[in-house]
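**Student:** One structure, pasted below without further comment.
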Amino acid sequence: MSHPALTQLRALRYFDAIPALEPHLRDWLLLEDSMTKRFEQQGKRVSVTLIREAFVGQSEVEEASGLLPSEARYWLREILLCADGEPWLAGRTVVPESTLCGPEQVLQHLGRTPLGRYLFTSSTLTRDFIEIGRDATLWGRRSRLRLSGKPLLLTELFLPASPLY
């Protein structure tokens with residue numbers, strides 16, 4: 001199963017450098033903290049609609065080429081992050097199989113738990129970069145994060161109902 005928002009997410013084109021942005025957009029797109037937490041600060045109940053969680057081969061995560069280690073399998077998680085039931089963000093997480101050892105194995109068992117609830121409680125979380133992307137009408141971003149030095153790639157597309165707009 002897929003979702004049209006995930007097709008748009010995969011179509012994002014990334015800027016080579018951070019573009020000039022209105023302060024409001026910049027505040028959302030370059031947020032270093034948890035997007036889940038930011039949505040909750042809007043006074044909303046945040047929930048996850050799980051679209052897909054599975055191991056996939058390299059051909060299904062081509063956008064990660066050059067950003068993650070080359071491996072035979074990756075854990076792929078695709079979700080909609082909803083605020084009071086309304087989709088605000090489409091998310092796609094690509095995790096190399098080698099990252100899934102030790103405590104990071106929990107990434108395979110998040111189910112309907114927002115990724116941010118796990119990531120941003122870890123004292124071992126670091127972020128290598130944030131890249132800003134855009135399709136015809138929507139903004140997005142991707143980040144390479146590390147847990148205990150082990151990488152994962154998180155891509156987020158802000159949907160029309162999101163307070164980013």
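Heads up, residue numbers simply count up from 1 along the chain you see.
Using the three backbone atoms N, Cα and C, a Cβ is placed for every residue, glycine included.
Straight out of Swiss-Prot:
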- MET35, ARG77, LEU115, GLU156: substrate binding site (BINDING)
**Student:** Taking 8 Å from the centroid of the Cβ atoms of MET35, ARG77, LEU115, GLU156 as the cut-off, which other residues in that chain fall inside it around the substrate site?
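**Tutor:** Going along the sequence, the neighbours come out as THR36, ILE79, LEU81, LEU89, GLY91, ARG92, THR93, PRO114, GLY116, LEU154.
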**Student:** How many neighbouring Cβ atoms, not counting its own, are there within 10 Å of the Cβ of MET35 (substrate binding site)?
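**Tutor:** Around the Cβ of MET35 (substrate binding site), 23 other Cβ atoms lie within 10 Å.
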**Student:** List the residues of the same chain that sit at least 6 positions away from GLU156 (substrate binding site) in sequence and have their Cβ under 8 Å from its Cβ, in sequence order, or write 'none'.
**Tutor:** LEU9, MET35, LEU89, ALA90, GLY91, ARG92, GLY140, ARG141, ARG142
